[in-house]
Amino acid sequence: MNAPAHLLLVEDEPKIATAMRDWLVAAGYAVDLRERGDGVVEEVRRQAPDLLLLDLMLPGEDGLSICRRIREFSELPIILVTARVEEIDRLLGLDLGADDYICKPFSLRELGARVRALLRRTRPSPRNTAPECGIVLDADRFEVRVAGRPLALTPVEFRLLRRLMEKPGKVYSRGQLLDASYEDHRVVSDRTVDSHVRNLRRKFGEAGLDPIESVYGVGFRFELAREPQ
């Protein structure tokens with residue numbers, strides 16, 4: 001199961017900081033909040049977060065100085081937050097090494113979109129693993145192995161399994177699995193999922209496993225300790 005991305009948020013306006021943190025946590029990220037600039041560089045060295053959301057105007061040490069110092073030793077993804085849109089052109093000219101900029105006031109949806117986009121570009125594609133039953137899903141290689149042996153899946157079966165393995169035990173509806181399985185968002189019947197699940201079960205069954213459980217009237221889930229039926 002994948003660990004959530006770890007974000008370091010540095011923002012000194014309490015209401016904005018709380019709103020940003022709460023929204024990001026609800027979106028599934030692990031968030032550490034700091035309200036001052038001093039000590040941030042040291043924390044980056046110590047914690048190695050996946051992404052830094054950094055306000056420019058901070059007590060202690062300002063965001064410009066923090067960004068410059070971090071770039072001396074790290075390629076950490078950084079989103080700079082500024083209160084003035086005209087400031088962005090100047091920041092770009094300074095070539096600080098920040099990966100993105102966002103201007104207050106911004107919507108939390110926009111913030112989430114910027115974070116997701118930057119993490120997709122910079123964070124290594126995760127492996128979904130279920131060591132209890134010897135299953136390893138490698139998103140980079142687009143392959144699944146069972147006890148070290150490759151399991152031949154179609155692209156749709158691979159994406160469906162990837163979604164199920166994101167949160168073992170969580171029940172996904174047929175609609176959710178369709179959204180994850182067809183990247184072109186084509187219109188197909190919900191029952192198409194049943195056919196793909198049958199194929200996955202057959203292939204896992206040949207390897208002596210049956211990790212996908214159907215939940216009557218709801219959908220399917222991935223169960224690590226499920227015994228073959």
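In case you wondered, yes, glycine gets a Cβ from its N, Cα and C as well.
As given in TrEMBL:
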DNA_BIND  125-224  DNA-binding region
DOMAIN    6-119  domain 'Response regulatory'
DOMAIN    125-224  domain 'OmpR/PhoB-type'
MOD_RES   ASP55  4-aspartylphosphate
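On the 0 to 100 pLDDT scale, the DNA-binding region (125-224) averages 83 in the predicted structure. The residues of the domain 'Response regulatory' (6-119), classed with DSSP into helix (H, G, I), strand (E, B) and coil, number 50 helix, 24 strand, 40 coil.
Residue counts of the DNA-binding region (125-224) by helix, strand and coil are 35 helix, 25 strand, 40 coil (DSSP-based).
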